[in-house]
Amino acid sequence: QVPVIHSSPLFPILHSDGMTSLLLSLLLFSPVLAEWPDVHTRTTGKVWPQPRIFLQNDTDVFPFDPNLVKVVTSFSCDIMTSALAGFSKRMSLALSHAGPTKAAPLELHVVVDDDPSCPSSPQMGMVESYSLTVNRTHILLQSAQVWGTIRGLETLSQLAFPSAIGLTMRVSRVEDAPRFPHRGLLLDTSRHFFSVRTIKAIIDLLAQNKFNVFHWHLTDNESFPFKPHAYPEMVKGAFDERHVYSQEDIQSIVAFARLRGIRVIPEIDTPGHTRSWGVGVPSITSRCFDKLGKEDPDRAILDPTNPLTYDVVTALFKELFALFRDRFAHLGGDETSFWITQCWENNKNVTDYMKLWGMNTTTQLQQHYIDRLIGHLTARDMPRRQFIVWQELLDMGMKMNQVIGHVWTGNTKKEQMGNMAKIVKGGHFAILSSCWYLDHISWNIDVKEYYDCDPQDLEGVSEMERGRVLGGEAAMWGEMVDESNALPRIFPRTSAVGEKLWSEEKYTKSVNGDKIWPRLYEWSCRMAERGFPVQPGNGPGYCSFEYQPALPDLNY
């Protein structure tokens, strides 16, 4: 018999003319509009992403009052305490929307099988599977590790829906587990700065959608929004002193993500995309010249000939390794071809260095940089890390043992999957982003296109090689988004990516509007009702409780 840790009631509220013709033409001729459902066609009490096994009795419904729930468990952990508090808050909000509900008390039994202690942080390979049984008298949530408890509580929260009898649930049975271990979102905070509050909101939505990775693209040409202790002058590369993440900010975000089962993977892109580095420490970026010898101010690639370059990079990563708990780190490595000609090939200091070291090509020089970088980052006094790199480094033939290739190029599905196949056939693990670039937008609904992309849809590879696909990431690059539009740009479009990466292939291999839209409609409205500014997922429609933006006081 397990003891009662939380007594009833468990769940208080914790916190609280020409245009007409154009439209007619679109209605007559747009094939996408023809796929839109009736505005009343939406599911109730269904789950996103689609669970592995999902059984419901549509006629056996009962009123549910979260204030009458008693949690019974023998497992004590701050992660579970936080997950229960989040469930409480969402259910209290749902209850307030549903109206008066006359429900009987019930027990929520939470069982964590083989996790003897509270994990210090989520990591690759964490167990997120769970089983959930819901009936009128009790609910049983069982998982091997607390990460499954988080996912199961999210599913439980989605089973509740308003009806004529108030907040309601159906008798249900769920058996669930993710298809891929790496399911992420890249957020670029260097082109536009995002506040800690907004980053946390994005992370919370990732958890609601059962993602488990927040890939933080922290620096780029435009800004260096971080102040390392070893080289504090590098913060001069930030937009200004207000657009900087303190070490306390980073620790707060990592801790927040941990409680939601979200790994935070930092990316410090090198050797290219580093113009902002040179604002504070100019000598570590290469001087650049055109073919006539005129200096070009676009110094956006590191100088591999300067010993200080390696001192700075090593010190920077050492500090970040102490702040970010994940065993993975992203080293970047993309698009160096933009600057190599002017900044390395046309730079006499660099070419003299190459001659001294017996190098004939800048590819050899880049290998030289990579070798020295990895040597520094794997030194005895450095924490052990698994490195991810953008695929170019592997495409160029860089010798990098045990790195993970992150695929982002390819204009067609065939090219994208060909790039994935090349990585895994080369003996590397792979992550896919090519087809899930959120900054590539269109007027039409694009979530169906996201389902047409599968990280394992590879030709000419063995099953062992196919097994090297770790999953994928949606990518929200920051050139054209800031805090005003990032969340609606990301969600619910990323929800489709989340389902593709979580749910079994049989549920997502061949989808159409009739299968997607009713559940996406409900899920988009549910996120909006929870207070998040998500965009409509499927054209014309409405939510019972629309998102209300905070606007200035207009009474003047």
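Heads up, the Cβ atoms here are built off N, Cα and C, so glycines get one too.
When the candidates CYS118, CYS288 are compared with TrEMBL, only one is recorded as disulfide-bonded to CYS77, and it is CYS118.
Of the cysteines CYS453, CYS543, only one is given by TrEMBL as the disulfide partner of CYS525: CYS543.
Checked against CYS525 (disulfide bond), the disulfide-bonded residues CYS77, CYS118, CYS288, CYS343 differ in C-alpha distance, with CYS77 being the nearest. Taking only the Cα positions, the spacing between CYS118 (disulfide bond) and CYS343 (disulfide bond) is 50 angstrom. There are 16 other Cβ atoms within 10 Å of the Cβ belonging to GLU335 (active site, proton donor). The 10 Å shell around the Cβ of CYS118 (disulfide bond) contains 13 further Cβ atoms across the protein chains shown. A straight line from the CA of CYS543 (disulfide bond) to the CA of CYS77 (disulfide bond) spans 36 Å. Mean per-residue pLDDT, taken over the domain 'Glycoside hydrolase family 20 catalytic' (180-504), amounts to 96.
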